[in-house]
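Asks: There's a structure below that I have some questions on.
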């Protein structure tokens, strides 16, 4: 019976998707910096004509400060725009579409309005996108390594996250986190990172939600009934399963956290040899 209900839901989604295309709905990337003035508990109105956006956390709650020592805050003169994950004392993993000319990286941060004693700030020494040191493709290979200009010191609130030892199993319980919006379609940016527990979803669900999308090197994650998702502003942050980074927040459909419309994540394990080779100096 459960299988029948899932298949019926997928059929409904396919029909809804086809109708949205007939009605002129558009799938594309939606990307912008998040201005510092929008931080806090105020709600910011935005005009969104796109159905795909960079991702944020919805349906979750504030992360415990001690539970995200690997989470990196990426910002520039325009404000916060992405998150990243500390892999070791000099390398951060994020999404390729988070590439900017003037990136700064803050480690050991929780509340964006509070300065912490062990907080550290770095800038990139180099940025590397998969298969190219110059051209960062945004969606087909949405992964980027940033080498820091100087090593960071581990502390109570700064510590690397492990790379995956194996790919995640379908149905795995995972956690995604970030400083992205906690409401949609209106956006509300929190002062602190939020965490939400979601699952790695089976390929038929992903195929039904995004029938024209290549499923190579990506994961779909969320909950079938909706209500929990990454959303606008969470891009580049980690999807963590069993204490390892298995995904990088990439994109999804807007509004976020809808029925049978999961978030899309770069599958880190598919790039594990490239990541290890770069870090090893190859």
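Cβ atoms are placed via backbone N, Cα and C, with glycine included.
If you look up Swiss-Prot, you'll see 97, 142, 235 marked as active site, charge relay system. Residues or ranges marked as disulfide bond by Swiss-Prot: 63-195, 82-98, 174-241, 206-220, 231-256. For 57-280, the entry in Swiss-Prot reads domain 'Peptidase S1', with the evidence type sequence analysis. Taken from Swiss-Prot, the feature N-linked glycosylation site applies to 41, 45, 135, 149, 153. For 1-18, the entry in Swiss-Prot reads signal peptide.
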Asks: Can you figure out which of 97, 142, 235 (the active-site residues) comes closest in space to residue 174 (disulfide bond), comparing Cα atoms?
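Replies: So, spelling it out, the nearest of the active-site residues is 235.
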Asks: Of the recorded positions 142, 153, 256, which sits closest to residue 97 (active site, charge relay system) by Cα distance?
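Replies: Going through 142, 153, 256 one by one, the closest to residue 97 (active site, charge relay system) is 142.
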Asks: How many other Cβ atoms sit within 10 Å of the Cβ of residue 256 (disulfide bond)?
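Replies: Cβ-Cβ neighbours of residue 256 (disulfide bond) within 10 Å number 30.
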Asks: Indicate the candidate from 153, 235 with the smallest number of other Cβ atoms within 10 Å of its Cβ, considering only these recorded positions.
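Replies: The recorded positions 153, 235 were compared, and 153 has the fewest Cβ atoms within 10 Å.
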Asks: Residue 241 (disulfide bond) has how many other Cβ neighbours within 10 Å of its own Cβ?
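Replies: Residue 241 (disulfide bond) is surrounded by 23 other Cβ atoms within 10 Å.
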Asks: In which DSSP state, out of helix, strand and coil, do we find residue 206 (disulfide bond)?
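Replies: Assignment for residue 206 (disulfide bond) reads helix.
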Asks: Out of 82, 98, 142, 220, which of these recorded positions is nearest residue 195 (disulfide bond) by C-alpha distance?
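Replies: So, of the listed recorded positions, the one sitting closest to residue 195 (disulfide bond) is 82.
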Asks: Given residue 220 (disulfide bond) and residue 149 (N-linked glycosylation site), what distance in Å do their CA atoms have, once rounded to a whole number?
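Replies: With the alpha carbons as reference points, the distance is 33 Å.
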Asks: Please report the Cα separation of residue 231 (disulfide bond) and residue 206 (disulfide bond) in Å, rounded to an integer.
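Replies: So the alpha carbons of residue 231 (disulfide bond) and residue 206 (disulfide bond) sit roughly 17 Å from each other.
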Asks: Provide, as an integer number of angstrom, the distance between the C-alpha atoms of residue 149 (N-linked glycosylation site) and residue 241 (disulfide bond).
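Replies: Residue 149 (N-linked glycosylation site) to residue 241 (disulfide bond), Cα-Cα distance: 29 Å.
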